[in-house]
Amino acid sequence: MTSTKEIKQLQKAKSKAQSSNNLKEEASLCNQLGEVYAKTGDYQAAIEEHRQELALSEILHDVIGSAVANRKIGECYAELGNIEAALKHQRLHLNLARSVHDAAEEQRALATIGRTYLFLFDSDQSANSLKHAEDAFKRSLAIVDERLEGTVSPREISEMKARLLLNLGCVYDGMKEPQRCSDLIRQSIYIAEKNNLLEDLYRANFNLGSIHFRNGQHSRAMRCFEQSKECARKMKDKFSESECFHSIGKILLHLGDFSAARRSLKKAFCLGSQQPSDREAVKKDFRHAIRGCQLEQTAAEVTQKFSHEALDLSEQLGDLYCKVGCYSKALEAYQTQLACAEALAKPARELAVIHVSLAATYTDLRQHHRAVEHYRQELQLRKGNPKEECETWLNMAVCQEEMCQSMETLDHCFTSALNCAEKSGLNKLQRRVLRVWLQAQRRCGSSQCDDTEARLMELCERDGLSLDQSEDEDEEDEVDNSEPLEDSDIQYSESDDEDLEGYDKMVTGRRKTQRWNRRNEKGETVLHRACIEGNLKQVQYLIEQGHPVNVRDYCGWTPLHESCNYGHQEIVAFLLDRGANVNDPGGRECGGITPLHDTLSCGHFSVARLLVLRGASVTVRNSKGHTPLDTLRQWFKTYSGQLDPETKQECLETEKLIKRALSGDVSVVCAAPRQQKELQDSQLFDAEYSEPLLRESPPSPPPITRPAATVPTSKDSAPKHRSTSASTRRPRGMEVDVLYGDDSSSSDNPDSDCSLSPLRPVRSRPRSPPAQSPQEVPSSQELPSVYGIKETTVPPQSESGRLEYQKAMQNLGSAKSRLFSQSLSDPAFTSTPAVSANSRAALVPEDQYLADDWLEDDLIDMQPKKKRRVSEHNATRETTSRSQNNSSTIAEVPPRVQSCSSRGSLSLKKGSNKPRQVKMNQLPGMVMLGRREVSRSQSPIMTQESDHIQEPAPPSHQAMPPASFQNRAAHVPAPIRMRVKVQDNVFLIPVPHSEADSCTVAWLCDQAAQRYYQMCGLLPRLSLQKEGALLLPTDPLLAVLHTNEEVLAEVCSWDLPPLPERYRKACESLGVEENRRVSRVCEVQDSSSCVSVCGLSLSPASLNPLLRALKLQASLTELRISANRLNDELLPEMMAAAATMPRLRVLDISANQITGEGLRKASDAFETRSQAAFPCLEELNLSMNPLGDGWTQALASLLSSCPLLSSLSLQACGLSARFLQQHRLLLANAMASTGNMRSVCLSHNALGSTGFELVLKTLPMHCLTHLELSAVCRGPSDQPSMEILTKLLAQGDCPLTHLNLSGNGLTDHSVLLLARCLPVCPSLVSLDLSANPLVTSTGLHSLLNGLVEARRPLGHLNLQGCQVSGPLAEDCLDSLSDHIRDLRLCSQSLNKLDQDALQQSWKRRTEAVHIFSRNSKCMLSISSPSH
């Protein structure tokens, strides 16, 4: 229910209570009304309601009611900033609660008073306010602890405690006591979590996150905000969730991650904010994030390191980084700007500005000495400009003061500043210097204050000002130079819709971007199609509904390009009014053609004049170097022989207007004023849905060139008029029209439906014979006035009849022959060198534009005869891309179903279908490969006149005998299949016969990628190679490959969306339900270097999609999946996923029910690899898995795949001596081959004495530093043999530092053998002999004697669980403290006197001593205590 509706209902109920004289009900309704008003921010109205509640409660003698009313009034006053009035009413609340001995209400009163003092601290920053707040909160907490037990519910008590602890934490935050603050807030979080108090948990996490953010602890802040966001989501509180997204976005902005910040801030904006100020703050940060993404993307596309473009981008990025507080990246940007400026030899004035930016940024980073360096460099560059020098000296003085420099140093800076100010002659500047100087002197307690103040007073009196009179500074606050952001301009992406799940009924005004992102095969949106078809109403509707104006198709054309190309003047004007880029050069395939170039190339002069008057550049050049004037002259030169006087006059007027614009005599007409917006819709339209200016690889058919203007067939065929308005509007296509390219509706029917068909293929105008060889067009300075001269076209006399005949035949032939002949002809006129044969023009002449009639029908004898003949009407119809031909053309080329566009004679005069240019991507049937053109087959065309599919009728001279015809028709073609090898997988991909001719290499890449994704869970971007040669994506498949031929696919990159999205897709692909805990882990640990799902007991079905999602997580260094149910079947999948993580250092799969069989399966997958599967893995934990014996070879194979492995843990894996009786040497070689193994843990495996001996023979003792062999004996009679161990330790080069032999039934004799090794094994610093009850004081004496002989201390000795008893000799006690730094004993065998003697001997040490003695433990340490 909305607040307005709730208020109306409460007011209605209040009126009813008043009419019935129900005072108690009326007071209750006043209370509710006041709360609603306060929630909406109308605190004055809330105060009035609570005043009425107070009056009614006093009449009713309701003390608690009066107390509550006073509390509410006080809270409203506090929100309004009237602290005095707030405290007055809150103290009344406290007194009333005490008068009736209501402990709960007294507690609330004290908490409210404390909160009010916190409000006061925000404004006055007074320690006294904090002290009052602390006192109130502590007294309130004491009441909760002492007086409320049993009187209120436990949940309420927990709620009160959580809130009071949070408030106290905020108090100590203000007192600058971070540890107490953190402890209290964490206590609040714990209580809230334990009792499921979502609102309090949200508030505590949010406050703690804000504190971490303020202290620069970004990762902790992010974690807190994520937790508070989850609470808000559970509470279905969209405003609170929006606040969390906003805070996360601000952190990401502060880190300079604009892309991630934009995603978070977009979610915040979509969810909305309760207060207008909060919404404006979100919009401001959102704008910064969008701008940052755009600048970073543009900067990534800059190819030249030192260029003007790089210079401008660096400055903009630096300024933006400063705005969002990311000063470290701002420094990098400004330093790049400085390097560019110096390389480009920029003047000193510009270099000085950059030094100012660097100095200010260093000041923000508190690196004042670096700031002073840049100010000094600025000073050198400002020579001769006293005003700027003065500003620099003042800035230097501020930095020097921050550096705590002496007053003499500051006086030097201020004196220099004052001298510069006097040179400038600006009294205002002199007064400013003196004011700042005086303030600095007062802060430092200088004795010169009086002199400076006298000089300032003298200067003020001279100008008629008082000393205390403030002056406006010259500097103005920085104003954001963007327009106000309108909510309707925001474009939501699909991911945002998913993030808003659960709020579909709560969030108003949400729009789906899918409706604007639907494109046809050419990448055209619905707006493109509306502009092409001239449907002004549809264009207006789409723009009003929020369709982006500057969206591009796959080639790069915008809707403005299309409307200019088709000459729709009203649409052009409307698009310009709505922010269309009038100078957009198009995409990479568009040849730098602006809308003005485009419309001039088509002869739409009225549109061209409109563009010029609306600010279109007349100096910009396309990729051929042509200006708009060059384009106009080229068009005139091409068609001058067919123009009527009226058209020539229009051409002349357009030329004059362009020349006036070149001289600056044209005043630009601005668009009609509209409500300004902060962000253009194209800015907020996601880049993943709106095609970028430069596209690496279009996702659909490759860009194809636009047809250029048509050449009239002959001068005699020109009609009397030429129209500049659209004449080819078409009705909306039905589904069959879209699929089969039906274009049979009349374009001349004025009553036809003009609504939009977003997937209709475009039609070109009728084609004419090719133009004559163009002559060189005069330059801009020497254009003759030929527009009024009537010219005639005379064919060249030197051309023989044979050449004329060949040209005619080429024009009538197939697309292949026409284009091939054209590629051999002379290049068209250009003011720049001719383009190579392999290059493609963005505009293609319409006589080469084939539209839907691109198929060369050379399989006519394979087509069966139709039972019904094609109608006479259809047989005589022309395609949209063919010109009028004589009867020989119809006899040679089979007729097709074509458009019923007008067959009137071609013309360039008004009232006719004028020639126009068609886009590259509107050639649906061919791909240009240098000079070779491959024609593709096309789906049959359906007409509205007949329900039957019309096929071309075979010509009479190729008719086949009926029997032969039937045999061919009955023949079933062999299947077409391609074999694609992607890494270690080979896919057999069938090619449908119906699409075989149209399939390209890109299609095959896509099919292979989808199959690889289904198998491995990764979506690659592939390129194909055949015998070492790279296949282009645009290559026709059957032209480069044969059926059953195998090609090698190389992975160019991987499609890796954020981890939560990958997990969601993996669940969909595997058909399993998402696990909420795993989804939460993915969200929290997406950008983390560690992913941990330990202890979740996840089933294989829940783990499988997670493992798929984690593949190729390049930043991952730690993967911990312990205590789950991975099992043998899923282990190979997990290992395969881990092998795709190039930086993985730690892999923990302990306690996952893995057996030796699973390990064998996993190792088999890596045997065939030529490179190590885990090149960076350092730690592998397989503990607590029932591996058993018999998999030594598999372990050796796995270790061979980890060349950097240094730590291996096989604790409690059910191993015995048989584990090493086979393939032991193989395992030993795998461990020793790399020389990196440092730590091995085989504890809690029943190895016995035999296994113990085999382990020591297998392990690489020459490099091992940590060895854990605790509890490996099988019984009291099977003790491990110490002789081999002592022999290894006695070798001089043994690097072992930590040895654990606990729980192995060792005796004093075993310890004696170890003690003899101590003098010859100096590296051993830690020895764990705990849980060996047969070790007594004798063993301890042996160790001490060995240490005395070694003349070195032992860092750690653990004898807990051993029978070390007293009495201990005096020399033994002294030796203990001298030679053991950390000793751990079992005190059960030591009496009180022995323990005291031991502690006293330890305390005689001069170093810091830590002693812990409790129950059966006695721990003595010289260094810091071990935890």
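Using the three backbone atoms N, Cα and C, a Cβ is placed for every residue, glycine included.
Taken from Swiss-Prot, the feature compositional bias 'Low complexity' applies to 10-21 (among others).
Swiss-Prot lists 469-501 with the feature compositional bias 'Acidic residues'.
Taken from Swiss-Prot, the feature compositional bias 'Low complexity' applies to 742-761 (among others).
Residues or ranges marked as compositional bias 'Polar residues' by Swiss-Prot: 773-783 (among others).
Under the heading compositional bias 'Basic and acidic residues', Swiss-Prot lists 871-880.
Per Swiss-Prot, compositional bias 'Polar residues' is recorded for 881-890 (among others).
The feature compositional bias 'Low complexity' is assigned by Swiss-Prot to 899-910 (among others).
Positions annotated as region 'Disordered' by Swiss-Prot: 1-21 (among others).
The annotation region 'Disordered' is assigned in Swiss-Prot to 465-502 (among others).
Taken from Swiss-Prot, the feature region 'Disordered' applies to 692-801 (among others).
Taken from Swiss-Prot, the feature region 'Disordered' covers 865-922 (among others).
According to Swiss-Prot, the region 'Disordered' annotation covers 941-961 (among others).
According to Swiss-Prot, the feature repeat 'TPR 3' maps to 107-147. Note on the repeat 'TPR 3' (107-147): residues 67, 71, 74-75, 78, 81, 83, 86-87, 90-91, 93-94, 97, 157, 160-161, 163-165, 167-168, 170-172, 174-175 of its chain, located 6 or more positions outside it, place their CB under 8 angstroms from a CB of the stretch.
Secondary structure counts, DSSP: the repeat 'TPR 4' (162-195) has 30 helix, 0 strand, 4 coil. According to Swiss-Prot, the repeat 'TPR 4' annotation covers 162-195.
As annotated by Swiss-Prot, repeat 'TPR 5' applies to 202-235. Non-local neighbours of the repeat 'TPR 5' (202-235) in the same chain are 162-163, 166, 169-170, 173, 178, 181-182, 185-186, 188-189, 192, 241, 243-245, 247-248, 250-251, 254-255, 502, 1080, 1083-1084; each lies 6+ residues outside the stretch with a CB under 8 Å from one of its CB atoms.
Annotated repeat 'TPR 7' per Swiss-Prot: 311-344, in sequence order. The predicted model assigns the repeat 'TPR 7' (311-344) a mean pLDDT of 90.
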Recorded stretch, among 311-344, 352-385, 522-551, 1141-1168, 1377-1400, maximising Cβ pairs under 8 Å relative to the repeat 'LRR 3' (1174-1197): 1141-1168
Secondary structure of the repeat 'ANK 1' (522-551) by DSSP, residue by residue, totals 17 helix, 0 strand, 13 coil
In the same chain, residues at least 6 away from the ends of the repeat 'LRR 6' (1321-1346) whose Cβ sits under 8 Å of its Cβ atoms read 1265, 1270-1271, 1289-1290, 1294-1308, 1310-1312, 1314-1315, 1352, 1354-1366, 1368, 1372, 1375-1376, 1379-1380, 1384
When secondary structure is assigned with DSSP, how many helix, strand and coil residues does the repeat 'ANK 3' (591-620) contain? 17 helix, 0 strand, 13 coil
